[in-house]
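Record features, source Swiss-Prot:
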type	residues	note
BINDING	81, 84-85, 89, 91-94, 109-117, 121	5-phospho-alpha-D-ribose 1-diphosphate binding site
BINDING	81, 112	anthranilate 1 binding site
BINDING	93, 226	Mg(2+) 1 binding site
BINDING	167	anthranilate 2 binding site
BINDING	225, 226	Mg(2+) 2 binding site
């Protein structure tokens with residue numbers, strides 16, 4: 001039986017693990033050969049010392065080698081936050097996904113239940129009536145027929161069951177928060193990724209480039225793992241093989257600045273109700289932050305020339321009823337009913 005202890009000792013000593021060692025360590029954890037205490041110790045040793053790009057790449061290689069894939073169009077994208085920002089905000093990326101799909105871009109949305117927050121993507125979507133445990137074929141059909149499919153991480157990364165209890169007990173972000181956006185079961189090449197800390201912007205953009213992404217924006221919104229209308233958003237953009245960094249304020253793209261309190265979410269049922277309100281056209285700070293993120297996603301998808309154009313398309317997606325229609329179709333298809 002393989003032993004995680006040498007890798008724990010190495011990480012705890014402050015020594016970075018080469019990609020091969022990182023993959024080997026994650027292979028041990030993902031195959032059920034490590035105890036919960038060992039997993040927790042290893043994850044926190046990495047976090048305290050600071051995870052490196054080779055360690056993330058090795059962990060992703062281990063996860064990808066075990067995942068159950070989903071077939072999606074070549075131009076599909078993912079819109080995902082790492083979680084772990086401790087903000088308790090609304091499910092911005094989930095709502096954004098429906099708006100982007102309503103604007104004509106296929107979305108293969110990867111997400112999980114809450115691990116370090118009150119309501120994760122899966123919690124809110126399940127509360128809306130989506131069958132989050134649909135199989136890979138049904139999800140592929142949902143993407144092609146409804147424009148969006150939701151991939152519940154534990155269904156596609158079943159090896160994660162070995163580390164899930166340790167993550168919940170730790171109750172804080174770990175390297176696994178970084179891995180979700182990098183381990184999309186549909187192997188999308190375009191991503192809008194929200195990150196929990198600004199020091200990860202450029203490293204994650206480099207990891208995405210190494211993993212074959214064509215276009216991606218990695219964003220940090222002043223305490224949020226999404227673009228924010230309550231402050232300044234920092235962006236590391238992978239475009240045409242190059243990575244550039246810049247900042248965005250809501251005012252410069254014609255949106256209202258709000259207070260962080262206006263973006264506070266609640267439990268899954270409350271967040272689901274708020275998400276539905278946005279798709280039904282209700283005006284709110286939640287709508288504005290969704291418009292900002294949707295505009296950016298449409299730029300990443302190549303559908304919009306710039307952020308203002310993307311926001312205009314997002315407004316049209318909501319106000320025409322297209323985004324709400326996507327939600328209704330996804331609910332139907334995920335529950336094996338005609339769209």
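Even glycines carry a Cβ here, placed using N, Cα and C.
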Per DSSP (three-state), residue 81 (5-phospho-alpha-D-ribose 1-diphosphate binding site) is strand
Using a 10 Å cut-off, grab the number of neighbouring Cβ atoms around the Cβ of residue 225 (Mg(2+) 2 binding site), all chains included. 29
If I take the Cα of residue 89 (5-phospho-alpha-D-ribose 1-diphosphate binding site) as reference, which of the binding-site residues 112, 167, 225 has the closest Cα? 225
For the binding-site residues 89, 93, 112, work out the Cβ neighbour count at 10 Å and name the residue with the minimum. 112
According to DSSP, residue 112 (anthranilate 1 binding site) sits in coil
Which of the binding-site residues 81, 110, 112, 113, 167 has its Cα nearest to the Cα of residue 226 (Mg(2+) 1 binding site)? 81
List the Cα distance (Å, whole number) between residue 225 (Mg(2+) 2 binding site) and residue 81 (5-phospho-alpha-D-ribose 1-diphosphate binding site). 5
For residue 226 (Mg(2+) 1 binding site), list the number of other Cβ atoms lying within 10 Å of its Cβ atom. 31
Taking only same-chain residues 6+ apart in sequence, whose CB is under 8 Å from that of residue 113 (5-phospho-alpha-D-ribose 1-diphosphate binding site), what do you get? 120, 122, 123
Within 10 A of the CB of residue 167 (anthranilate 2 binding site), the number of other CB atoms across every chain shown is 21
Give me the CA-CA distance between residue 110 (5-phospho-alpha-D-ribose 1-diphosphate binding site) and the residue listed as 'anthranilate 2 binding site', in Å, as a whole number. 18
State the count of C-beta atoms found within 10 angstroms of the C-beta of residue 110 (5-phospho-alpha-D-ribose 1-diphosphate binding site), not counting that atom itself. 27
Other C-beta atoms that fall within 10 angstroms of the C-beta of residue 81 (5-phospho-alpha-D-ribose 1-diphosphate binding site): 31
